[in-house]
Amino acid sequence: MQQLTLPHFAKFNGEINIPGSKSISNRALLLASLAAGTTTLNNLLDSDDIRHMLSALKQLGIRYELSEDKTQCVVHGNNGPFISYKLQSLFLGNAGTAMRPLCAALTLGFGEYELTGEPRMEERPIEDLVDALAQLGAEISYQKQSGYPPVLVKGTGLSGGDVSISGKLSSQFLTALLMVAPLAKDNVTISVDGDLVSKPYIDITIKLMERFGVLVVNHNYQRFEIKSGQQYQSPGNFLVEGDASSASYFLAAGAINGGQVKVTGIGKNSIQGDIQFADALAAMGANIEWGDDYIISSKAELSAIDMDMNHIPDAAMTLAVAAIFAKGTTKLKNIYNWRIKETDRLAAMATELKKVGATVVEHNDAIEVTAPHQLTHATIDTYNDHRVAMCFSLLSASAVGVTINDPECTSKTFPNYFEALSQIGQE
Ligand SMILES: O=C(O)C1=C[C@@H](OP(=O)(O)O)[C@@H](O)[C@H](O)C1
Ligand SMILES: C=C(OP(=O)(O)O)C(=O)O
């Protein structure tokens, strides 16, 4: 395993053009594949999660041309569901945005598909999605543990009608169901059982479906109506916005130890909920300036916040480390599903924050962080979780610095993260 000791960055200053959004890249690749016509995707993210989607699509017979730097992809749409006459085994790593939507999409056409992933993927639930698809006639079985990948999906077509789905654990299940609904035989009405987590990701899904010519009627995130007979149509060119979750590390760096840090490629018109990270940072006292295609943060005295983070679960991890640089006790609430992502993130964050001397209270669905009087240099374990590696890099703003184990795990969403950070870091 590799280790990276970051120098102490006395100041963060400069501009970073944020690579493409993971959530948008994988949705756009799938919708472009199902659509009629050819779509040119620009500013596609080049990372593990997107590589898994791309190789699955290739195995499914989708033709595309990827530029040398892998950020432009011309996708020749299939004009409908996937068809295969031999068993296909698709390896999807630990990419939730590939596993869940592909599991749904493969029920639409014809064929038998085995969806597998890394060991952690076998611990990430998929049952709520499988149960919902079964109500529309899908045949999906578990190959190891009931409720978890790997799964075997049979293409049988989906009937349509009324379907209910739990939104308690992940919004990705509803995203997957929404994306296949217009290709069912009849109109689909989806009811969400109980609370829906991570709501802004549903807005991304609906906006992308609209860009590809399909309308969804959203009744307050409780009921969704999708008419059958709608077909995905290529929008021609499609520009992927910068990744708002990836931007969070740089915005936090500016607030902790700017100078001034400008992120470009996302701004006030972004369709990603994670731009609301900048509002949370502003609530801690950071100076934030919004542009159409940029956000700037600069240094300020930071103080603790007590906030519900259900709408920005990924970027909220960055706030748990920013709390080390703030006065008071920060409480991040309503984040139970941190426990079922790349690792048990509530346990991981609590363990690693304690290593630098912070006082941490780990609740079932929340975390409280109080900065220590004196920070300690620590070697941070990253649990094969890109976000643990990236958010703990912010400790390089302190004089004690930080050592990150397995820094290459950022390849899930941001392979060049540490190079980008050192571009704005001044020793
Ligand atoms: O739909 C998406 O693109 C995502 C939804 C979120 O997951 P949950 O809905 O499981 O919280 C988020 O954490 C993940 O990184 C990406
Ligand atoms: C939860 C995440 O990933 P996934 O898309 O695999 O759910 C994440 O990127 O923080």
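Cβ coordinates come from backbone N, Cα and C, glycine included.
TrEMBL annotates Lys22, Gly96, Arg124, Gln172, Arg345, Lys412 as phosphoenolpyruvate-binding residues; of Arg63, Arg387, the candidate listed for that same site is Arg387.
Straight-line distance linking the Cα atoms of Ser171 (3-phosphoshikimate binding site) and Arg345 (phosphoenolpyruvate binding site), rounded to a whole number, equals 17 Å. It is 11 Å from the Cα atom of Gly96 (phosphoenolpyruvate binding site) to that of Arg27 (3-phosphoshikimate binding site). Reduced to three states, the DSSP call for Ser198 (3-phosphoshikimate binding site) is coil. With a cut-off of 8 Å between CB atoms and residues at least 6 apart in sequence, the same chain places Ser245, Asp314, Met317, Thr318, Glu342, Arg345 near Arg387 (phosphoenolpyruvate binding site), listed in sequence order. With a CB cut-off of under 6 A applied against ligand 2, the recorded positions Arg27, Gly96, Asp314, Asn337, Arg387 are reduced to Gly96, Asp314, Arg387. If you compare every pair of Cα atoms in Lys22, Gly96, Arg124, Gln172, Arg345, Arg387, Lys412, the residues listed for phosphoenolpyruvate, the longest distance is 19 angstrom. Close to ligand 1, meaning a Cβ under 6 Å from one of its atoms, are these of the recorded positions Ser171, Gln172, Ser198, Asp314, Asn337, Arg345: Ser171, Gln172, Ser198, Asp314, Asn337.
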